[in-house]
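Below: one structure, written as structure tokens.
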């Protein structure tokens, strides 16, 4: 395209709003196609013993990739196969236990229609999503989902806009309906998203990130305050646990306790840790979620917490550990 000048006063915002208005109308019309065929499609996908295989060419292929990704992350195992590659060997990835979803707005994609006889021969259920109920793909499908739109948002009527939005929304409707039918939970979602923020919050446990062994700051009850302070600075967690030879907790001493000692105006050189420690102390179990420990620490306004089985010290968790793990 040759260079053109921007028309004086051209309103980009108005052009954008017109697109939204057109696509809103098209989505409102889509409601009529959530019908018995939609139920049949969901049932085939729900009872599928294999995977949901999504196919599409061009823009429909891009929508198909997103659709497959949404299915896979919401409890419906799925993957995308390019129809052109399927015709040259990749169809071997599809089994009779699978369900195929084929996408084409015209319903006449030659790359897909060429595959239909093979899919039929293998008795693979075929769900077609098209904008034309009378198309070849719609007629060949076991279930046809219509995504017909009145007009594209593109003023030329050429670039797939409203039609791709309608197809994407139909895919979301399938995915969420199946999610609800399966009783899919946030914890299930986290299992397929371990690297995401939600995954870290719902999967990471205290014992995954707590300090253990030699990293635990601890002294005996007979230690001087000076020795306890040295332990605090060596382990750099802003606290030390007071425990016996069997790592049974007797108390805790934090940097906040140290400030209170100085406010007392006493000679710190003459004090033992037993004189100034806080008996007992807040502790959490090692198996709880890290986000639960975070909530406790925030509610109690503390930056570190003991990890214990009853009174038996197992580790220490600091707010910095939660930050590094991405829980905060």
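The backbone N, Cα and C atoms fix where each Cβ goes, glycine too.
Annotated features in Swiss-Prot:
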type	residues	note
DOMAIN	42-184	domain 'SIS'
SITE	59	site 'Catalytically relevant'
BINDING	75-76, 82, 88, 114-123, 148-150, 222, 275	substrate binding site
BINDING	82	Zn(2+) binding site
SITE	111	site 'Catalytically relevant'
SITE	152	site 'Catalytically relevant'
SITE	193	site 'Catalytically relevant'
DOMAIN	210-268	domain 'CBS 1'
DOMAIN	277-328	domain 'CBS 2'
Where residue 111 (site 'Catalytically relevant') and residue 82 (Zn(2+) binding site) are concerned, what is their Cα separation in Å, rounded? 9
Reading the DSSP string in three states, the entry for residue 59 (site 'Catalytically relevant') is helix
By a 10 Å Cβ neighbour count, the lowest-scoring of the recorded positions 111, 152, 275 is 275
Given the binding-site residues 116, 119, 122, 149, the candidate whose Cβ has the fewest other Cβ atoms within 10 Å is 122
Residues in the domain 'CBS 1' (210-268) grouped by DSSP into helix, strand and remaining coil: 25 helix, 16 strand, 18 coil
Among the recorded positions listed here, 59, 82, 88, 193, whose Cβ has the fewest other Cβ atoms inside 10 Å? 88
Between the residue listed as 'Zn(2+) binding site' and residue 193 (site 'Catalytically relevant'), what is the CA-CA distance rounded to a whole number of Å? 25
Whole-number Å value for how far residue 193 (site 'Catalytically relevant') lies from residue 119 (substrate binding site) (Cα to Cα): 32
Checked against DSSP, the composition of the domain 'SIS' (42-184) is 65 helix, 22 strand, 56 coil
